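Here the structure comes first, spelled out in structure tokens, and everything after it is commentary.
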Amino acid sequence: MKGKLITLEGIDGSGKSTITRFLNSHPAFANAVFTKEPTTSWIGDAVYKAIQSDTDELAELMLFTADHADHISTLIRPAIEEGKIVISDRYSDSRYAYQGVTLKERMEEPMEWIQMIHRGWTIIPDLTLLFDIDPAVAVQRCGKRGEQTKFEKTDLLKGVRENYLKLAEKEPERFVVIDTDRDLKEIEKDVLQAITSIIES
């Protein structure tokens with residue numbers, strides 16, 4: 001039986017990591033493979049260094065994309081072929097949404113171009129949970145975690161959120177948009193319902 005790929009997306013501070021920890025500790029997902037992007041590989045390390053620096057935006061995209069390709073070939077594809085459930089905290093949609101903003105001064109339709117260079121080799125998720133929140137609230141949350149990255153700025157996150165919602169509108173069969181500015185128990189309930197429905201389908 002072929003496995004499933006479930007991805008968690010959203011702007012920084014939207015609550016993805018909190019939900020990932022919840023799922024990781026839930027008995028229903030004891031046999032699931034939990035992963036994230038950027039990865040912990042040497043390519044992922046290069047991505048983290050780029051995030052903390054003033055690396056050229058196009059070079060940064062290529063690092064993210066290389067990490068994604070390696071992630072698919074070394075972990076995601078083998079796990080899916082073994083029939084496992086894979087849950088990834090960030091995936092290709094993060095690139096479409098974020099670099100679609102950072103590259104808007106470099107090209108006319110950056111998000112479409114980034115999607116094009118992924119076409120034919122990336123694995124499309126069976127389900128993408130998009131955690132949606134007002135960027136101002138998200139930045140406040142990020143500030144409470146300590147030092148902020150260059151991506152954790154309100155103006156940038158407004159554009160990223162718009163890109164995410166455009167992606168969700170184009171693929172309603174794949175995306176489930178979840179409002180995360182509410183009680184955590186309600187969010188967890190909606191997440192479990194969405195994942196259970198896709199696993200049982």
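Quick reminder: no glycine exception, Cβ is built from N, Cα and C everywhere.
Owing to the predicted nature of the structure, the values given are computational and were not obtained by experimental measurement.
The ATP binding site annotation in Swiss-Prot covers Gly10, Ile11, Asp12, Gly13, Ser14, Gly15, Lys16, Ser17. Other Cβ atoms within 10 Å of the Cβ of Asp12 (ATP binding site), summed over all protein chains shown, number 22. DSSP classifies Asp12 (ATP binding site) as coil under the three-state reduction.
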- Note on the structure: Those same-chain residues, other than Gly10, Ile11, Asp12, Gly13, Ser14, Gly15, Lys16, Ser17, found with Cβ within 8 Å of the centroid of the ATP-site Cβ atoms are Phe131, Ile133, Ala138, Arg141, Thr180
- Message: If you count other CB atoms within 10 A of each CB, which of Gly10, Gly13, Gly15 wins among these binding-site residues?
- Response: Gly10
- Note on the structure: Given the binding-site residues Ser14, Ser17, the candidate whose Cβ has the fewest other Cβ atoms within 10 Å is Ser17
- Task: Can you see whether DSSP assigns Ser17 (ATP binding site) to helix, strand or coil?
- Result: helix
